[in-house]
Amino acid sequence: MDGKVKEQKRHQQKHSGPKSERKKARKLGDAVEEENERKRNPKAFAVQSAVRMAKTFHRTQDLKTKKHHIPHVDRSPLEPPPIVVVVVGPPKVGKTTLIRCLIKNFTRQKLGDIRGPVTIVSGKKRRLTFIECNNDINTMIDLAKVADLVLMLIDASFGFEMETFEFLNICQVHGFPRIMGVLTHLDSFKNNKALRTTKKVLKHRFWTEVYQGAKLFYLSGMVYGEYQAQEVKNLGRFISVIKFRPLTWQTSHPYVFADRMEDLTDPETMRVDPKCDRTVSLYGYLRGTYLKKHTQIHIPGVGDFSVADVGFLPDPCPLPDTKRKRTLNEKERLLYAPMSGVGGVVYDKDAVYIDLPSSHVNQEQEELRPTAELVRSLIDTHATLDAKMAASKVSLFRGSATITDTDVEDQQLVTAAPQLDQLSDPTATRERRKMIFADDGEDGDEEDDTEEEEDADGNSEEECDEEEEDEEEELDTTEVDPVSVLIKRARASSEKPSGKPSHAKCVKPGGGLKMPIAGGKPTLSEAPAFADSEDDLELGKEDLRPDKSKTHRADAIDCSRFHADGLHNWDLEEMRNSIADCFVTGKWEEWQDAATLLKADENLYGDFEDLETGEVHEGEEQKQGNQTEADGEDEKEDEKVDVKVDDETQKKNKRMEKKRRLKERFDAEYDDGDATYFDDLKEEMQIQADLNRTEFESMDDVTRVQYEGFRPGMYVRLEIAALPCEFVANFDPHYPIILGGLGSSEGNVGYLQMRLKKHRWYQRILKTRDPLIVSLGWRRFQAMPLYHIEDHNGRHRLLKYTPQHMHCGASIWGPITPQGSGFLAVQSVSETKANFRIAATGVVLELDKSVTLVKKLKLIGYPYKIYKNTSFIKGMFNTMLEVAKFEGASLRTVSGVRGQIKKALSTPAGAYRATFEDRLLMSDIVFLRTWYPVAVPQLYNPVTSLLLPIGQKEQWSGMRTVGKLKHDLGIHYKPKTDSLYKPVVRTPRHFNRLNIPRQLQKALPFKSKPKQDQAKGKTPRDLLRPAVVREPHERKVAALLDALSTVHSYKRKKARGAQRAKHKDFLQHKDKQEVEKFKRQKEAKKKLYRMMGQQETKSQRSSLKGASQDGK
């Protein structure tokens, strides 16, 4: 054996089979048996201790109460905006790959270059907007304010990095969103034990930062450049069903996370002045609260602006429950990423934007296709779309006569000509135009309605051709709409260079009319499952797969034929009864029966005469009068029976409804149940939420917007004028554009009083008047804070530096922000240091200038005349007026003598008379401690990082500190000579002798009386010990004696050590003897006790034996 021990196979517990079934039955039997015992003997299961029961009850209630949150009114709209999912992590940790895999998991599509936000549909009632957060502190701050869910990627092979903790601190300040951790690079571990240990350490550290039990996912490895599908699927399930807690700042402010930007500036103005301000329209879903028109907004990284125009557009990425179509373009609708190039043609309210691939833009002139020529002709056109449509001609079939607009008007068709809707879908991927009909509100044939319903359900008979020649012929026959021609040819040309055949897709616009669009394969089978829960994710996949037996019909030669799925035998009574309710005479709903409604109509309108046949139809009243006719009587009796049955059914339903209402009223009055104050509060909030929803529910969107503003969840278009030209010229989609709405007073700038604490991980302390970059509300700006602390008397004393481990006050000049708003501060956004970058955090306290900051000021003076306790001081003031302001102020000397200013003197200027506790000396220094008010510097410098050129947006630098300036300019600090530390040289002072009067000496006790000690004189010379000078022989003898004494002392020391060791051995030997003696004594005692016990037992037996013999 080579030392390896074969690992035994672990026992796998069975979950199915006979043995497992027996175990389950045994468990159920035990539970039933325990319940029976509880019923048979209830006293055995009664409460044993009232105290323990009370403790258990209190513990249960505490656990329930801990789960309670303060209930808020649910202001979320019926169609909520997409959830913002921010993917955060250090560079090279796998953020882009994870977004790609999640998009593929939800939409079955691969997205190459991810630029800007990507919106997808993840479930029946949920959409997601993914955005990647780069390693820029500005981007991290902006995305933390709008994030609903944060996917925090951590490189397990490296561990936590500083960016992770920085983003967590940013989230803690601006409202903590839901955070889920994702561990990557787990395939770099070759040892399973090291992998488990690393997972455990990272998990517990992550729990410490977020909360105990926070979700942490593991992405074990990559397959062909992507994460494993099952792991991504599990992550997507949690994202699809996670719930969110509303954040205060987000729910109280409207904001738009822009996903598209268009420049609307007049080209002529740009040609004359390239640096002119631009007019830009920004698009995105409205979040937060309601947005009013002409609201002031702030774009982080740009500045404050007023909205020139705002309007709502159709949802470019609608939820499946609002639009239940299952057509070929459903795949494109599930993914909306205009900045990433998904979507070729985009409709705006007043323009059409066409995005052609780069391969078509860079073609040579000799290789120009008809598509490019058509695009150029469309750009150079001078006629409007309506004029072209009026002058166009349509040919329904090949070789047939053309139809003009006048012909259509003459024929007075029920359905009018299609027109382009002004509020068409701006960025739908495949849906080019929304067809509307002018006579939708008028009377129309039922056949048209049924055809539209069939089109909406995907059962249309209209098919599309496959061949390219047919596509060109269709383009020729659809000259009525040049834009649709452009779309078709652009799509067709975009597919041809790839070498794949171009198939025509049927795309259904909103009006039920189909338009053939070239390009791509049929993708109905790729549509993802919509999921609101984990089970729905599994169930939805099978429903979206098309029937493969029917896919060949669109490619057939004669695609106009209708192939029936199967023929039914209509001679059978069952088949006829199955469609009986589909006709006018059927029963459409439970409360709508054709016979009852017709009877009511007859009762209402009475009798009438058919003019064609001459037959007279009588009403109910007339029939009751004409009971003589036999046929009329029979019909009346049958109808009476039907009406009677219907009346009984209605009466029964009314009685049941009345009983139900009475029972609900009785339950509400008498059955309180376990309802608590918390339940009542939640019910009150729910009632308010229902009232908010139903108030404007019946209005259309255009009217509703005028009352309540644009509600969250709408896709809005905001037009902003006077934007800097650098915003458009240096636009980079990798950096988020957030339009944060401001309150009524948040657009003003004023004084802010804040409570601040230096972050404990930031290595340097902060100095007053050093500029800091503050993130407060939507804004990022630079300010010069003054730090102060409140004394016990309410004075706000200025501090030169922030305290080390304490909170302090800070006053800045900045935008007005509501009280209680959190903020954070960094010293620089352009430096990527290895150390922690968050310098301080805090909260806003007050919004006014009521706090006066004061700085300590010492005024120094010198006495020039001294009269006992009165002195004349000079050098402290310059004029008599200054002295008059400080009359009565407290003085103090360096030696600690206290005094007070009395009155100013005429000469010299600034001198005054003061009194002190004791007489001063001419060498004393007198100082007056005063407090000088300090003004807050009015510096408000917004961080305009989005205006910098591409590649330099992380290098914004504002005002530099004094230390930074001196370092950059190479200026060395020259300290003041008076501020340098010097050795203190104190001249010795001679004090006079203390003289005590004789009378006082007599009154003093003996202990305190001065002793009259005579000074000791010099010792006489004869008493001094003479010095002894040894001879050489005496020195030798003394040296010998010293050596002998040294040897003797060494021998004594050695002998003492040996004796000590010998005594130690003796003590150990003695201890052993004692232990052995104790053992012998113990054995002897045991032996003695044993003998005594045997003797006693023997005597007892003998006594019992004698007693028995006496009894005989």
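Just so it is clear, glycine is given a Cβ too, placed from its N, Cα and C backbone atoms.
Annotated in TrEMBL:
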- 7-26: compositional bias 'Basic residues' (COMPBIAS)
- 428-437: compositional bias 'Basic and acidic residues' (COMPBIAS)
- 439-479: compositional bias 'Acidic residues' (COMPBIAS)
- 614-623: compositional bias 'Basic and acidic residues' (COMPBIAS)
- 638-651: compositional bias 'Basic and acidic residues' (COMPBIAS)
- 1010-1023: compositional bias 'Basic and acidic residues' (COMPBIAS)
- 1052-1063: compositional bias 'Basic residues' (COMPBIAS)
- 1064-1078: compositional bias 'Basic and acidic residues' (COMPBIAS)
- 1079-1089: compositional bias 'Basic residues' (COMPBIAS)
- 1094-1106: compositional bias 'Polar residues' (COMPBIAS)
- 80-245: domain 'Bms1-type G' (DOMAIN)
- 1-43: region 'Disordered' (REGION)
- 415-513: region 'Disordered' (REGION)
- 614-658: region 'Disordered' (REGION)
- 1002-1023: region 'Disordered' (REGION)
- 1052-1112: region 'Disordered' (REGION)
Residues of the parent chain within Cβ reach of the compositional bias 'Basic residues' (7-26), under 8 Å, 6 or more residues beyond its termini:
none
Do any residues of this chain, six or more beyond the ends of the compositional bias 'Polar residues' (1094-1106), have a C-beta under 8 angstroms from a C-beta of it, and if so which?
none
Tally of helix, strand and coil residues over the compositional bias 'Basic residues' (1079-1089) according to DSSP?
11 helix, 0 strand, 0 coil
Take the compositional bias 'Polar residues' (1094-1106) and count its residues per DSSP category (helix H/G/I, strand E/B, coil), listing them in that order.
13 helix, 0 strand, 0 coil
For the compositional bias 'Basic residues' (7-26), DSSP counts of helix, strand and coil?
9 helix, 0 strand, 11 coil
